[in-house]
Amino acid sequence: MAGMRMEAPDAGRVGRLARIVADSRLAQFTCLLAFAALIRCPAWGEWNFGIDDQFYALVGERLAKGDLLYVDIWDRKGPLLYLIFTAIALVSPTMLAYQLVATLSAALGAYGVNRIARMIATPGSAMLAALSYLALLSRFEGDNLEAGVFFNTLIIAAAWLLLSRFDRLREGRIDAGLLTGFFCAGMGIAIKQTVALEGALFGLTAILLLARSGRSVIGVAWRAGLLALAGSLPMLATGLFYWMDGHFADLWNAIATSNFARGYADPAIRVQRIFTMAGMLGIPMVFSGIGLHALHRQREQRPIARLVALWAFVALALIFSFPNIYVHYAQSALAPLAILCAGYFAHRRPVWPGLIAVVGLSLALSGTFHLHDRWRARPAAAALVGYVDRETPQKRLLVWGAPNYLYAKIGADPVSPLAFSPHLYEGREWTGLDERREVRRILAARPETVVAQTPLPSSPLNEATVAMVDAYTRTCRKQRRFTIYDHNGEQVHTVFFACAG
């Protein structure tokens, strides 16, 4: 009929689908979980994708067998990270199981980004911010099992529970939800200690709002004390456990002393890494800055946008203040940057430049989408495992390089509490143990096979320990080279065997 517009059937279906997603939280989470699975699945089943990732899995499996963290097997990260892997290992000690749980955690984090962004932007823009978070996580080495995949989700939950209770805090009230939020922040700290600075920001925000509510000093103090207690509980429980077990000194050495006593990068290397990191973060920072500018003009959203901006500032300042700077350190800043990008998606047209730059480019540069390497990674790693297993009948193995999960793959016990071999060969490392004495003890046990990365990925090296291992491998009667693949590409390893005399 004249004057009537006919809507295309496809357009109508798309519109209905968009409304369903906008109206249904379950639909939103389902979409985010599907996207997370899609962009992360190329690496599923790879045990050698990342050096840190596989070590977390190894430690989880060792704890499941009765080892005590920081005593029988050593690292400096918080205990909750390894308890997560232990819980998974008790159900299914497979790399795929760890990766599926990590994918779920990443999707939950993205859903939290979506919920926070929805407070300051339209439903569609909030979903785009959540998708941006997942893409950025992949770009900054969070596309597998990195710690940020887990602690980010907890910090995002803490931020959401705080932001959604601004009105209560302005009235001088706290509730179970807010206490839960600070407990989530505490669990994040129990994974990565530096998260404490973000937790401190949230705590100061809550105290400031309570102080402005008209409550008495005592009223503010006891409420703030409850929030602080909730945030401290995970590490207080950890400290109590180790104190009762007689190993509090080992705990303190690992999570505190070792972080300050270790050596750090030369100033020239640090400056180079600062510029590299700034370049990598440049695109999300630009679009989040545009988004913040747009949101700042919206009076109702301004308080939330300001706290998210402060969150981003604290996370970024922490990254660039580290003596050592690695790509995955940026993961803590990705959630607030993605949330601020919602302002760009909501108030700037067209949105496609932001999608291409933040989502498309991030995925294109992520290790997961080096598809040629992913295609070759599994058979190459399987060949290495099969060969090492055959040549190590007594299971006396020394891994001298990245693939520390080889111990688990062939059923060998790690040769030392310092099973993460960089603790032994990095020149600036400090563990509280005597690395030279530890290597002498390892070699005295006559490992029958040594898997050595060529070259060792560190500078400077611990020349003394490297020389000892080199001297030992020269006594091995046979050797064979293997090329395996991680998120950075090809990695060459030499298998020295028939070494036990």
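Cβ from N, Cα, C; glycine included.
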32-53, 274-295 - the one TrEMBL records as transmembrane segment: 274-295
Cβ pairs under 8 Å between the transmembrane segment (147-163) and the transmembrane segment (80-104), at least three: yes
Top Cβ-contact partner of the transmembrane segment (197-214) among 116-135, 226-244, 307-331, 351-371 (pairs under 8 Å): 307-331
Stretch-level contact, the transmembrane segment (351-371) and the transmembrane segment (116-135), CB cutoff 8 A, at least 3 pairs: yes
